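Visitor: According to TrEMBL, the protein has these features:
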DOMAIN    A:8-87  domain 'Thiamin/hydroxymethyl pyrimidine-binding YkoF putative'
BINDING   A:L15, A:T47  thiamine binding site
DOMAIN    A:111-189  domain 'Thiamin/hydroxymethyl pyrimidine-binding YkoF putative'
There are 2 protein chains.
Amino acid sequence: MECGTSKIVGCRFSLHPMAGDFIPVIKGALEATDLTGVWKHTDDVSTVIRGQEQHVFNVIKAITLHAAKTGEHVAINATFSAGCPGDTAGDSYMDVDQEVHNHDETKQYVSSQFALYPMNNPDYMSVIYREVDRAKERGVFNDSMHYASGIHGDIHEVFNFYEETFGKARSDEHQHLVMTMSMSINSPSHKGDHHA
Amino acid sequence: MECGTSKIVGCRFSLHPMAGDFIPVIKGALEATDLTGVWKHTDDVSTVIRGQEQHVFNVIKAITLHAAKTGEHVAINATFSAGCPGDTAGDSYMDVDQEVHNHDETKQYVSSQFALYPMNNPDYMSVIYREVDRAKERGVFNDSMHYASGIHGDIHEVFNFYEETFGKARSDEHQHLVMTMSMSINSPSHKGDHHA
């Protein structure tokens with residue numbers, strides 16, 4: 001397997017509980033999540049996980065949902081990446097079983113914003129517009145805004161959209177794709193009528 | 001002025017105080033910062049500011065520093081953007097005085113991670129490697145990692161690097177540039193010997 005040709009998907013994220021006792025919220029969410037499907041490393045600013053696409057999205061959703069269930073106002077910022085030509089085939093669990101391990105279906109309203117960066121693709125704006133249309137079709141589109149699009153709804157529908165769009169926005173010809181996501185949960189700023 | 005040809009720089013960011021009384025930290029930082037140089041809009045997930053490049057960086061640094069001075073563990077996630085072909089010339093204060101308004105030089109250690117996304121530029125990996133080298137020359141490079149590079153040091157040196165690299169990584173030929181940044185301050189995870 002050569003650099004840049006791997007199917008590894010990675011996600012670098014930070015979980016931010018707006019609470020004085022933030023450490024147990026973060027550690028509790030990580031401990032409650034089955035992480036066996038992904039490689040993981042934490043530093044002083046963020047955590048990165050790497051592995052098969054479905055495991056990465058399953059784990060991020062599970063961590064987010066566990067943090068949300070504390071009732072605290074939490075935010076998660078994440079960058080999903082695949083196909084970077086500078087990446088290597090190491091630090092991942094690509095040979096594990098494809099079956100995902102986290103199955104909590106608790107409903108939870110989330111409000112988020114995302115941006116797609118299809119790298120080295122001259123037609124990248126078309127990809128972005130197409131995926132925003134997909135959000136509208138899926139019923140999770142919230143608002144247009146500078147530098148991002150608002151996505152909201154139940155956490156499972158929102159992450160289903162993110163996983164689908166991350167898969168659809170890259171191709172064999174244009175493999176390097178980055179997607180950023182900022183998500184806010186249990187916020188006093190969410191309008192009541194937006195809650196699921 | 002046509003779409004995509006403007007010199008508008010924008011930054012969409014979220015400030016996350018890991019504190020139960022997070023609202024006064026956020027509002028206090030915004031109120032203590034002179035925002036007259038930029039257009040600003042806040043929604044339920046993030047805030048966006050737009051204007052001349054030096055004003056945008058000056059304002060983001062000032063907001064971050066004011067939040068840091070509360071002593072709380074705060075994180076800031078920001079996406080800087082310029083030259084997006086889908087952008088418009090509105091919602092900015094491009095005709096204001098070029099002189100920046102925030103001049104607080106208080107020292108503050110920060111640890112951060114950044115990534116550059118030069119859009120529609122076939123040579124984008126060279127741009128990224130060159131700017132990481134610039135960080136090493138400036139003495140703010142911390143660590144290599146998947147999907148980002150670690151940048152740390154005094155807040156003023158770190159933001160000087162970010163402003164310089166954001167200017168250097170785009171060109172007339174390749175105007176659309178995105179830079180993401182995650183910054184952590186007053187964190188219990190920072191190693192003591194990293195503190196300025």
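Every residue, even glycine, has its Cβ placed from backbone N, Cα and C.
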Visitor: Which one of these binding-site residues, A:L15, A:T47, has the sparsest Cβ neighbourhood, judged by other Cβ atoms within 10 angstroms?
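Guide: Comparing Cβ neighbours within 10 Å for the binding-site residues A:L15, A:T47, A:T47 has the fewest.
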Visitor: Mind checking how the domain 'Thiamin/hydroxymethyl pyrimidine-binding YkoF putative' (A:111-189) divides into helix, strand and coil residues in DSSP?
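Guide: Helix (H, G, I), strand (E, B), coil: 29 helix, 29 strand, 21 coil.
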Visitor: I want to verify one value. Collapsing DSSP to three states, which class is A:T47 (thiamine binding site)?
Guide: strand
Visitor: Check A:L15 (thiamine binding site) against DSSP and tell me helix, strand or coil, would you?
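Guide: In the DSSP reduction, A:L15 (thiamine binding site) maps to strand.
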